[in-house]
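Participant: Per TrEMBL, transmembrane segment is recorded for A:21-42, A:93-113, A:125-145, A:151-176, A:197-220, A:264-286. Here TrEMBL flags A:89-281 as domain 'ABC transmembrane type-1'.
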Amino acid sequence: MSDLSGYTPERTDWGRFALRWGLFVILGLFALWYLAPLFVMLTTSVKTLEEIRTGSLIALPREITFEPWAKAWSQACSGITCEGLRPYFFNSILLAVPSVAISTVIGALNGYVIAQWRFRGADTIFALLLFGCFIPFQVVLLPMAKMLGLLGLAGTIPGLMLVHVVYGIGFTTLFFRNFYVTIPADLLKAAKVDGAGFLRIFVSIFLPLSVPIVVVSIIWQFTQIWNDFLFGVSFSSAGSQPVTVALNNIVNSTTGVKEYNVDMAAAIIAALPTLLVYVVAGKYFIRGLTAGSVKG
Amino acid sequence: MAPVLTIRNLRKAYGETVILHDVNIEIEEGDFLVLVGPSGCGKSTLLNCIAGLEPITGGSVAIGGREMTKAPPKDRDIAMVFQSYALYPTMTVAKNITFGMKVRGVDSATQKRKLEEVARQLQISQLLDRKPGQLSGGQRQRVAMGRALVREPKLFLFDEPLSNLDAKLRVEMRTEIKRLHQDLGASMVYVTHDQIEAMTLATKIVVMKGGVIQQIGAPSEIYNRPANMFVADFMGSPAMNLIPATVENGQVAIAREGDEPILIDLPGGASLPRDVVLGLRPEDIVEPGARSGAHVVPARCKVEVVEPAGADTYVVSRLGGAAVTARLSAETQARAGQPLDVAFDLGKASFFEPQTGARLN
């Protein structure tokens, strides 16, 4: 090895300073670029229609009004009904919460079995489930419609739930399987010697370890199901539409004047729950990561 | 009384690959059996088969005289300590130790009493509320042993329990396990690849290679009368010298480069084939005059390497084309490149068949 004592850094302090600030400026510009639409949405949603017509798109509101928000929530018209987003928002909650819970539980059990209770054909089944992740939504529309019809669930929230659970299992299984393969096999063996059975080991030993991956699964599934439009528009009927479909209907209703402020408020309302999940669960995610890093 | 563990004709295969061939082992109450062998010899698989964690392909396993070949681990009356300790990471030390009792439905008063008893025995009472992540390697090891001890099983199984510890701690824990065995009088099966652990702990050693048992015996028997060249080479540090030699007219001749061969009278007039491999422990090559008898033969060897090891000095020479190590006292005058007078003590010499490696005497 060469002697390092005579080494002098080529880059001066000033050069390092410029590089760092250059980086900040570039990152700042990107952040502005991405935040611009949100800014426009927020400002537009609290402007009056009059101000939108006369003012500039990126100007700050001269006077703030929350009327568009109230209208978007409870009065905006989609098609022939004028109840705002509210009923559809609750449809989405009714749809997303059980779907996320069910697909996460099934994924956890699948991952546990595939990663820890090795059985003949486990890899094949995992590969097939994985393949399910790559099937485009459009491909399953017709077979799924037929299935729902046969089950008598067409146009209902439970039907839509079933679609999302089935579609989500591939992803949740993948998450949990990849998490559980990193857990040493000795842990399962020790529990077996201690006399614990299949479910006991899962509930007492594996689930408490799984906080970080449960949070990942919840964030992923909630975002997918809440934001889904295609399944929602295909498999729901007038009373069971999720919020995304309602939002589309409100924005595309062409009766009377185009109320941009109401449209913007509706869009933000529809996006709020996913934001909330990221903010709340993201914190648990980090906490879960550090708690789970305890090695056995 | 029925033997604690009886394994008959055990066979284990994954498809076409045979991992264990026809294993037969029996141990009595209070035995400390050590399964030793290089990596991949099947010793851990055998332990898992005893525990019931791996199904066996053929043969039978009985524990405490009861047939257990198909029984699940929980019914075998065993406890196991794993190489990775396998502590439940989200549970406290106390919960780790009592988990098995909780699963078996032991009442909480008994759980508490046993926990305290074991914690005192292993000196971990002050750690009971900690999580495994907050413990050092040695402490985790103790907790893992505590989890096994509360079970009070018929048979303890240890799967390389010390191999994750640093050298100093390993020696300490080794002594501790030995003391535990003496105090409890329990029966144990212990897997290791470390032949020193095997020698120091065992009352009975099983040496394995490639899924086949090479030799079963007491440590002294394994050390002094290895059944074949593999066992001779594997057990003991430095390893037994294996020197190619020829037998003629009741004398063993060891060829030397650029010198007359060393001729040694065969002890006990054993009859041997012409070509043999002479197995001689390093401590049986001594300073001249250190031992006496008809089987001690002086010879002058050229020293290649001198390795001081504190209490002893290892002196390496070359005989019959093989490197030969002598364990001499630290005061030896041996210098690399110089000739040195030594004496060969053939009193405990082993002779092996060069092709098959089997013991001849």
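Glycine residues also receive a Cβ, built from the backbone N, Cα and C atoms like all the rest.
Those TrEMBL annotations? Automatic predictions, nothing curated.
Burial and contacts for the listed features, if you can.
Facilitator: With a cut-off of 8 Å between Cβ atoms, the residues of this chain six or more beyond the transmembrane segment (A:21-42) that come close are 57-58, 264, 267-268.
Same-chain residues lying 6+ beyond the ends of the transmembrane segment (A:93-113) with a Cβ under 8 Å from its Cβ atoms: 119, 122, 129, 157, 160-161, 164-165, 168-169, 171-180, 202, 206-207, 210, 214, 217-218, 221-222, 225-226, 242, 273.
Among residues of the same chain six or more beyond the transmembrane segment (A:125-145), those with a C-beta under 8 A of the stretch's C-beta atoms are 110, 114, 154, 163, 167, 169-171, 173-174, 177, 230-231, 234-235.
Outside the transmembrane segment (A:151-176), and at least 6 residues removed from its termini, the chain residues within Cβ reach (under 8 Å) are 91, 94-96, 98-100, 102-104, 106-108, 110-112, 114-115, 126, 129-133, 137, 140, 144-145, 210, 213, 216-217, 220-221, 224-225, 228, 231-232, 235-237, 240, 242.
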